[in-house]
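A.B. asks: The annotation transmembrane segment is assigned in TrEMBL to 33-54, 60-80, 92-111, 131-149, 170-188, 208-230, 262-280, 300-322.
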Amino acid sequence: MLYTCVNVPYGALNASLTRDTHEITMLTSIRMVCANIGGFFVWTLIPIFLGLAAGKAIPWGFVFFQFVGSIPGILFMPFVPAVKKVVGKKNMFYLFGTIAIIGNIMIYIVSKSGVNSGDNTWMRIANFVKSTGFTIITGYMWAIVPEVISYAEYTTGRRIAGIVNALTGMFYKLGNALGGIIPLYGLRILGYIAGEEEPSSLTKEPKAWFTVMSIYNIVGLVLLITCFFASKERIAMEEKETKNVKVTDLFTEFVRNGPLRIIALYFVTAFTCMTTQNTINSYLFGMSNQKAGTQEGIRWLASLIPAIFNVVMIIIIFFYSLTDEKIDEINREIERRHKASNAEEA
């Protein structure tokens, strides 16, 4: 709940700063570089800290696999505005979605070729390819949220950034929930057998987890407080912007706004795919003692099922109707209305 109270206003910032599509792309790129740096501290460093806290061997194979997967988000996101200018918005989703699919298929093939632990150079290369595609299509999806906000303002006269971001927040949390359920029930159906004798990527020691998570939470709290007091500007919505906002607006806007429904479905699919893969990767590195059918199922959960999700994401974005030209036209009309309104008030 506290995370939602912070993240929804934070997510609405881009749409509050500018309507220009190129500027929004640049802001999103910077935001996602920072997000991926944060992801590096989670997905790559937590296994190291857990090993140290538990006094057990650090799973370096898994750590290097995760490290390679974190590089594209930091290295390539700054080039997204330039790539978008060359190939266009939808084509960028198609291109990098295809790259993600190829990477996932590579992960399946390499792990199928007798690499039960997935700990080799080709597995890391496959993860790099997959992450290059998936990082772009999940990073840039945040840039189309302000477009949906502009569309809502164009059709209703209200710039309801908070409502749209609250809805997208609901759907990516739904995706996270589904992404946690799929591996859980998938492993149960596959007959996965957990045991101390099995090599595991991550320790199950409760005290180690509590120690590491406590440190991360304390550091996060310090950063939050520091950023709050370092921000000089305090923004408060005017009364005319808040007096007509109702909880039912969430559902009204979802029913009325076609592009919003498209990105909601995209967010659910993307986060289901992301959470499924992040959850199952650890099992991919600790399945050598499982029976052959279980190992094959884990490979599917770690590669081919995410590839299917990537295909679905490409299909969903095909139906997104707000082209750059359409958004520019909408923004010009909104600016014209604002100028006319200001002239009348003057």
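Including glycine, each Cβ sits where the backbone N, Cα and C put it.
Just so you know, TrEMBL annotations never went through curation; they're auto-generated.
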A.B. asks: For the transmembrane segment (33-54) against the transmembrane segment (208-230), do we get 3 or more Cβ-Cβ pairs below 8 Å once near-sequence pairs (under 6 apart) are dropped?
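C.D. replies: Counting Cβ pairs under 8 Å, at least 3, so yes.
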A.B. asks: Taking a Cβ cut-off under 8 Å, which residues six or more beyond the ends of the transmembrane segment (60-80) line up next to it in the same chain?
C.D. replies: 25, 28-30, 32-33, 35-37, 39-40, 43-44, 47-48, 92, 117-119, 123-125, 127-128, 130-132, 135-136, 139-140, 201-202, 281-282, 285
A.B. asks: Under 8 Å, at least three CB pairs between the transmembrane segment (262-280) and the transmembrane segment (131-149) (pairs 6 or more apart)?
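C.D. replies: The transmembrane segment (131-149) and the transmembrane segment (262-280): touching, yes.
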A.B. asks: Same-chain Cβ contacts of the transmembrane segment (92-111) under 8 Å, 6 or more residues past its ends?
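C.D. replies: The answer is 80, 83-84, 118, 120, 122-123, 125-134, 136-137, 140, 284, 299-300, 302-304, 306-307, 310-311, 313-314, 317.
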